[in-house]
Amino acid sequence: MTTTARVLSARSLAAVAATALLALSLGGCAAINSITGEVERDDSGQVVEGNDSADVFAIAVGDCLNDASVAEEEVSSLPIVPCSEPHDSEVYSAFDLTTAELPTDEELAAAVEENCGSAFEQFIGLAYEESLYYVSYFSPSAESWATGDREVLCTVYDQAGQTTGSLEGIAR
């Protein structure tokens, strides 16, 4: 029995490595983003390629989420999609809690009503009470609060189902 061994020259090895690196960098970006929880954004910050398990700390105002099926009380990742695709909700505002301690449910509800409520009318173009849309939010957990997280994300959604495109200025 004989075996044939191929020995690559340094130049051939470099070409193979460069080809593999190029393939990884072009084809692997989505896979790497999926693993790292990142999303691909354009120069204006809009999501151009989503991520089914984006890190919650990567979510920004203007992002669209597929979060309707999320049943957990505490989440560390959420599906982010371009707003041009069907989605469950849209992050329309964010604010930081200013209390020294993690707020009670009542304190949090008051802060959300004040901050998300006023931002809702500016975003939708209609008072919340007159709108077809609903507000939800993501707030710090006790664990994330202990690490300095104070941000609350205000989201808008349609109870009838997914929307496509931004709801900004929709006035409905």
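Backbone N, Cα and C atoms are what each Cβ position is placed from, and that goes for glycine too.
Curation does not apply to TrEMBL; its annotations are automatic.
Annotated features, as they stand in TrEMBL:
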{"type": "SIGNAL", "residues": "1-30", "note": "signal peptide"}
{"type": "DOMAIN", "residues": "62-161", "note": "domain 'Septum formation-related'"}
DSSP residue counts for the domain 'Septum formation-related' (62-161), split into helix, strand and coil: 28 helix, 28 strand, 44 coil
Model confidence over the domain 'Septum formation-related' (62-161), averaged pLDDT: 96
